[in-house]
C-alpha cells in the first residue's frame, strides 16, 4: 500500500527516533506499531500530503539539504503536523486547491479493473508531462492525474446512465466533463482520448436515433474514407502489418499454381497489391497469371475509382512482366456481393482477403440466414486456397452499452498512445480522425448503422470453425517480416506476438490487431452421409442447429 | 662496303634528335586512371553512397560511371549474404532503378537496422532485401497513383530512431 511506502521513505529521510505510544481507538494501530501517531480519520489526508512532500523533495534537492541542517522539527511521530510543517517550509504556493476532491471510491466491480488497467496505460503519458511541467509546481501534476482519473470515472458514470436510459443525468455529466477537460492537457494522453469519447457521448445523447455516424454512409463519405484510410496507413504500422502478413500467407498458398485469383473485400487504393505483384514476379519458376477482383463502394459522379486503381495496378504488373487482369465490383455492403460477380474460374487458386471487413456483417444477435452466414457460405463454396482475415482485436460487439464503452475506452486509448510516436503531419491528424470515426460508430450508433462490431480472435476462431474453415498457421517468415517491419518503425512500444498460428500486433503487450489465415474444409459429398462432426454450414441444406 | 666517315652532326639535326628523345621520355606510360575504365569501375564499386555522389562531380567520365545503375546495384547488394536472383534487375529497373532503390529504401533501411542491432558490419539477409523491395514497390505505385505530392509510405524510414 502506498501509504506505508510513503511513511517509510519519510522516516528514512527524517531519521526520526521511534517513540512508543499506546493510544487506543482513534489512532491507527498499524502505524502505531511503527511508532507514529496518526488518527484513522486523518490517514487519507496524511497520505496525500506525504505524496506532495515527496514530489516537492524530488524537485528541489537544494532545499532538502537546508531542511536537513538548519530547520528544527519537533515530534516527528505526530506525522500529520510534521508533514504540514515541512510542506510549509517548502513555501508551496497557496493554491493547493481546497476543492480537490477525495478520490472517489470506484465501486462498480468490473469497471474497477478496466479503469485501473487503463490508468497504467495512461501513466506512460503522464511521465513526459511531468518533465514538461514547471518544476516549481509539482502539485499540478498530482492534480492533473486526479483530474484524469476523475474524467474516466465520470465518463463511465455517464455511459452507465445512458445504458439505464437516464439521458437527462447523462447530459448534465457531459457538462461536468467539459469543465474537467479544461484542467487536463488535451493535446495528448488521457485528455485527448477523453475528448473524443465525450464528443461521441454527446452525439449519442443529444442527437435523435437513427442517424448514422462514421459508418461510411453516403457516397462522398467513400472518398473521404479513402483519404483518411491512406493517412492511417502512413501514420502507424497496423495496416502495413496487415498487408504484409496477408501477402506472405497468400504467396505461400499460391506456391506451385500458375493461375491465381485474389478477391479483395475492400480495395481502397489497392496499396496491398504492389508488394504481392512484385513478390510473385520474383518467384522462382516465374510469376503466375494473376487476376485481382477488387470490391469497393460505388463512386459518385461517374468517377470510377475502382477502375483507376485497377489501371495503375495493371501498369505496375506489366512493367514487372506479370500477366495481370483486374475486375472491380462496386457494392456498398459486403452482403450485396454475389459470388457470380466474382467470376471465379474452375482451375484457378483463389485467395480471399478481408482486412477489417468481416465484422461489418455481424448483427447484434445471432440469427438464421444472417449476412455473416450467407457470406461465409459462398466463400466456402468458392473453395479458396486461403482466406486471410485481419480484424481488430477488441470486444466491441457486446450487447450492453457500458461494457462496450469501457472496452472501447481502453482499446482506443492504447491506440492513441501508440499514435503519439508518429511525428508526420498531416498524417497523424488525419489518422486520428479516422480512428475517431470508428469511436463514434461504436459509441453512438445502434442497429444496422453500427458497423464497427469488432470481436476478438477467439470468437472468430469459433465462428469460422463452425462455418467450415480450418486454421492455417502463418509461418515463421510472416513473423520475421512483421518483426522487421516494426524495427523500421522507430517507436519502441510495438510488439508482434504469435498465438496458435495467428499473429497479433499490439502496443505494450495489448494486442490491437490480429491476422489469421484459413482454408476451406472439403465440402461433404452430396451422396455420402456426413462424416465430420456435423458443424458445417451447408447452404444447400437446412440451416444449422448451432446459431453463429 | 666502304666505311664512310660519320658526318659531324649539324646543330639543327642535334636539336631535333634531342627533342625526339625528350618526346620519347614523355610518351613513356604515365599512369592515368581515366585510361583504365575497368580499374576505375572496380574502385568506384567499393565506395559508399555519399562518396559516389562526390565522385560523380570529378569529371564527365567519372560522372557517367558513377551514375550508371550497375555501380548502385553493387552498392545495394554488397552486404547481402546470397546473390540476388537474376530476375531482380528487370524489376528494379522498371521500378526506378538501383540508384533510386538505394537512396529511397536501402540506405534508410540499412541504417535503421544497423542502428537497432548495434552491430556495425552486418550481413543483410535475403528477407531484409525482400522487405526493402516491397516497400520500394509500394512507394513507386503510390507515386504513380496519387502523384508525387502524395504522402510517401517511406517517410517513416526517415524518422529519427528513438534511443
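If you go along the chain as it appears here, the first residue is 1 and each next one adds 1.
In case you wondered, yes, glycine gets a Cβ from its N, Cα and C as well.
TrEMBL lists A:1-20 with the feature region 'Disordered'.
According to TrEMBL, the feature domain 'Transcriptional factor DELLA N-terminal' maps to A:28-94.
Annotation source TrEMBL lists motif 'LxCxE motif' at A:156-160.
Confidence for the region 'VHIID' (A:229-294), expressed as mean pLDDT, is 94. What TrEMBL records for A:229-294 is region 'VHIID'.
Under the heading motif 'VHIID', TrEMBL lists A:260-264. Counting residues 6+ beyond its ends, the motif 'VHIID' (A:260-264) has Cβ neighbours under 8 Å at 250, 254, 270, 272-273, 276, 280, 288-295, 342, 344-345, 348-353, 382, 384 in the same chain.
The region 'Leucine repeat II (LRII)' annotation in TrEMBL covers A:308-340.
The region 'PFYRE' annotation in TrEMBL covers A:350-441.
Annotated motif 'LXXLL motif' per TrEMBL: A:358-362, in sequence order.
Broken down with DSSP, the region 'SAW' (A:444-519) shows 27 helix, 26 strand, 23 coil. According to TrEMBL, the region 'SAW' annotation covers A:444-519.
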